[in-house]
Every structure is written in structure tokens, then in C-alpha cells.
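Undergrad: Just dropping this structure here.
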């Protein structure tokens, strides 16, 4: 009997999902991306060699795994080709291992132009997007005017549809944002030049996954970003434009919702956030800088330095609820090495003095919130690279146990370094 495992972030992204997916795919036949786009940055370190993936699933480096980009992903053809070329230059036969849904919306240059024009116009109120056209591409999808991978099968019809949509968006770019128009012919030529490469990888993803399920194959579904960036359940409007939560698996891949067996939530041992938006436990002091440097907290996609803070249990509990988490993988425990004390946010004090233990829904509700902390002893011992649970410092074990107690979810995997091997699997999701 096969197992279907979902791996997703429980915070604001950058929790370390890529490494965990890569590790667990040793037993998987398929790895599926079901939302987001090349705004994701999944870093893998295998035998000391670093690979950063933005669009292609993290199972691509394993020869026994088929990687799939599902319909919930917005696909930038140029970004995909660059990623494929880079991997192929290293000997990875991407075209033999990668499949696409024909329903993937395409991200094209006018989406990028709109994304950047809007951020510029917002000024101090900018959301902090990656500027890669993700939001505008999802807008076109919902408005039913977007172009999809499947449109590339008929190039004449594609050209007609593209002209209509370029004219539509150029009107907004030129007359509202006072920016330069996007060149229709240039966009058309660039896309058609690689159209046959993309269409050659197209498959009926829902049918494929259902057949795999019936055969008993193990499948993994790889989330991007994190729960608190979900378009519906995140800190709106400082969110991404897709459903980053477990509910997005069914809609973004075509797998029936009853066929998810285990949901693994990746939780970093502290909190980080890129871009604007609420962050109650943010540390703008020496400890915050310590976490940033020790954790190398700089975005794999944008290179921006990440905001850092203590682990927010209140926010993580919201992720537990929304995703019906089966277990946690705690990452970057080693970054806390050397701190005399560590803190967990266990509640919020509202501006009117009330104490609450749930997160607000919209960004406005987070204004003026103060974190309520529980302080625990830190540890001086080095946990980096430790591969045996019994060899972790007692204070670190106490920290992990307290997270389990406060969330009601077991920590099934512990990561103590970036390499695939620097991991303790206490309970394998495929065996749970």
C-alpha cells in the first residue's frame, strides 16, 4: 500500500523544506509541486554540493524519482529553461525526470512588469514581493484570461490570445503606471522558441497520480512558501497569491483529498520573514543579528536579508489547525547553539491589555501586539551535524519537547545542518 506525504512550511517560508523533500524522496516514486512559482527558493546540499531550485521539484536529483509541476503552479518558461539548463550542465537528465500539467498558467514578461510597477507605486506600503510576476499571473488565471502551458500546442491560437492580453496589460502599464509597454513580438518569439520543449513534458497529472496511487507508489507533495503566507489564511495582504496550506494539494495537483496520508510541517527552531508584514517576535537587536548570521538568513531567491525572531508557537498552532499536521520536522536547531537562553512565544498581549492565544486573521489585527514569552535555558554544546537523538544536549531536548507540548504535534524529524545526512528521522512519514 502506497503512502502520500505532504511537506509544507508552518511559518513565513524559508523553513528548510527543500532539504527535507530531497531526503525523504529516497522512498518516493513521484514528487509534486502544487502551488507557487519561481518565487520559491529550495536549497539542497548533497555531499557538500549546493543546489538551489526555484521551480523544479526537489526530487529532481534522484534518478528513481519523477518530478511533476502541477496545475496549481504558475510557470515562467524562461525561469524553467534556465533551471533545466543549469541542471543538465551538471549531468542531471531533467527532461527524462520532469513532467508538467498542461493547466499550469504561464508567467510572461508583462506579469513581471506589472508586479514591479505596482510595488513601485505602493512606495512605503509595498508588500515586498519577489518581483517575479507571481501575483499578476494568478490574477489572470482567476480572471480566466491567462495563457496556460496547454495553449502552446496551437501556436497560431496562442499568438492571437497573447496579442489580446498584451494589449490589455500594456494599457494599464502605460496609462496608469506610466511605465514602458511590453513588446508583444519579443514575448511571442521567446515563448514559441521553447514551446516544443515544454509541450513534450506535458502529461495528464491527475490521471497519472491516480494510477500511481492504485499501484501503491509512494508520492510526495512539496509546498512552497509557508502557511502564514497563504492567500486565505495568512497575514493578508502581506501574503503570496496561492494556497500554501495542505488544502492546496488537491486543487493544485488533482489528487483526491482523501488520499493524503501524512502532513509534515517544517518548523524552523526560530522565526524568519522576508518582506513586509506582521512579525510579533521580531528581534532588532544583537540576538536577531546572531540568528541571521548563524542561520545564513539571506533569501535563496532574492538575496534579501531575512527578518529574524523567536519561535512563535501561537502562529505555529494556527498552522497545525489549518493543515491537520501529522508531525513536525524541526530545522536549524543548531543555529540556537551558544545562546544562554531561548524563548518561545506562547501568547499575545493585545493593545487593550487582553491576552490571547490565537492569531488575528488580517494584518490590521496584528498591529500593536506584544509577544508573551516563556524563557528556557539555552545550551553551549554544538548540535551542528549531530545525527543521534541521544547525543543532543538536554536543554535542546527540553526545547523540542516543549514545542511538542505546546502544539500537540510530535517532532518526527530533526535537522542539524544543511546536508542531506545531517538529519535525525525519529519517525519516517512513509511508515507513520
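Quick reminder: no glycine exception, Cβ is built from N, Cα and C everywhere.
Pulled from Swiss-Prot, these are the listed features:
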type     : residues                                                : note
BINDING  : 13-19, 41-43, 306, 332-334, 415-417                     : GTP binding site
BINDING  : 14, 41                                                  : Mg(2+) binding site
BINDING  : 14, 15, 16, 17, 39, 40, 41, 42, 130, 144, 225, 240, 304 : IMP binding site
ACT_SITE : 14                                                      : active site, proton acceptor
ACT_SITE : 42                                                      : active site, proton donor
BINDING  : 300, 301, 302, 303, 304, 305, 306                       : substrate binding site
Undergrad: What is the Cβ neighbour count of residue 304 (IMP binding site) at a 10 Å cut-off, with all protein chains included?
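TA: Result for residue 304 (IMP binding site): 13 neighbouring Cβ atoms inside 10 Å.
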Undergrad: Round to a whole number and give the Cα-to-Cα distance in Å for the pair residue 41 (Mg(2+) binding site) and residue 306 (substrate binding site).
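TA: Cα-Cα, rounded: 13 Å.
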Undergrad: Within 10 angstroms of the C-beta of residue 416 (GTP binding site), what count of other C-beta atoms is obtained when all protein chains are considered?
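TA: Taking every protein chain into account, the count is 25.
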Undergrad: Tell me, in order along the sequence, which binding-site residues from 130, 225, 303, 306 have their CA within 10 Å of residue 19 (GTP binding site).
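TA: The binding-site residues close to residue 19 (GTP binding site) (Cα within 10 Å) - there are none.
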Undergrad: Please report the Cα separation of residue 333 (GTP binding site) and the residue listed as 'active site, proton donor' in Å, rounded to an integer.
TA: 18
Undergrad: Out of these binding-site residues, 16, 41, 303, which one has the fewest other C-beta atoms within 10 Å of its own C-beta?
TA: 303
Undergrad: Can you tell me the CA-to-CA distance separating residue 303 (substrate binding site) and residue 130 (IMP binding site), as a whole number of Å?
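TA: If we compare the Cα positions of residue 303 (substrate binding site) and residue 130 (IMP binding site), the gap is 10 Å.
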Undergrad: Per the record, IMP is bound by 14, 15, 16, 17, 39, 40, 41, 42, 130, 144, 225, 240, 304: how many Å separate the farthest pair of Cα atoms?
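TA: Output for IMP binders 14, 15, 16, 17, 39, 40, 41, 42, 130, 144, 225, 240, 304: max Cα distance 34 Å.
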Undergrad: Give the helix, strand or coil assignment DSSP yields for residue 305 (substrate binding site).
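TA: Looking at the DSSP assignment, residue 305 (substrate binding site) belongs to a strand.
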Undergrad: Compare the Cα of residue 16 (GTP binding site) against each of the recorded positions 42, 130, 306 and report the nearest.
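TA: So, spelling it out, the nearest of the recorded positions is 42.
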Undergrad: Determine the Cβ neighbour count for residue 305 (substrate binding site): the number of other Cβ atoms within 10 Å of its Cβ.
TA: 14
Undergrad: What is the nearest of the binding-site residues 39, 43, 225 to residue 14 (Mg(2+) binding site), using the Cα of each?
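TA: So, of the listed binding-site residues, the one sitting closest to residue 14 (Mg(2+) binding site) is 225.
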